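A short worksheet on the structure shown next.
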Amino acid sequence: MMVLKVEELVTGKKSSNGETGEFLPDDFRDGQYEAAVTSEKQEDLKTLPAHHVSLAEQQWEREKQLEAELKKKKLEQRSKLENLEDLEIIIQLKKRKKYRKTKVPVAKEPEPEIITEPVDVPRFLKAALENKLAVVEKFLSDQNNPDVCDEYKRTALHRACLEGHLAIVEKLMEAGAQIEFRDMLESTAIHWACRGGNLEVLKLLLNKGAKISARDKLLSTALHVAVRTGHYECAEHLIACEADLNAKDREGDTPLHDAVRLNRYKMIRLLIMYGADLTIKNSAGKTPMDLVLNWQNGTKAIFDSLKENSYKTSRIATF
């Protein structure tokens, strides 16, 4: 086997015996190989300190590439929108996802209040106003009178009707509370129900026999009260139950007079639609139409006065 000398390997020069000259390429003869190796070594030394930095960069590149591949995979797994069925599937999936994320708060049921001590009249009346059924039941279970009242002769039934506490109204009526009991202004439960505007309570009272034609001290019917307080559904139900559309109060006003005076457009339309008389005069000799004209004339006078004052002010400003 041919053995090369180190000098011959580095310098690329032929040995004296001429056997090793053929080992090196022609380009690396005459010392060129030594220069090439030296240059390569120097370049390698230059890149050596940066080798450790490039490891971190390579790791970062691998992580970035892996992240890109995962993202691409997720995109490929998404539903493709090719027709309406695909669109419907996507919508349903989004709805389910939204439903899963939404936490429905579980409402805790209030613990039943247990009343053991006796309930006095003020507490009973207050409970009817504040919808405390347990207190009302305790008072009634002790065989107390359901028609006890305050200094204005307002009973628990009056208060419950005003606030629309249907369960308490039912409980009081089961205990024998008088539907036609009158307070100091001679209002009955039906007046208070219309004043409060609870349609279900009004229906219950009428079904239990409350007089639809009952009048208070001002001779107002329940329809008068419903119109004045603006409770449209109550007024409509009373009319459907054949309440008197043209009933007059102490001042001779019908419900239509009140509706016009208070400028309740929906009530005016309701009453006229069901046949309220536009020609009935009140104690002052005014029909509902007269009240409309008076209101228009009054409004016109106000605007005329404002216009005149504005004109005078502008003239003074010019001097």
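Backbone N, Cα and C atoms are what each Cβ position is placed from, and that goes for glycine too.
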Range among 36-62, 63-89 that Swiss-Prot annotates as coiled coil: 63-89
Close approaches to the repeat 'ANK 3' (218-247) from elsewhere in its chain (Cβ under 8 angstroms; 6 or more beyond its ends): 185, 190-191, 193-195, 197-199, 202-203, 206, 212, 253-256, 258-259, 262, 264, 266-267, 270-271, 274-277, 280
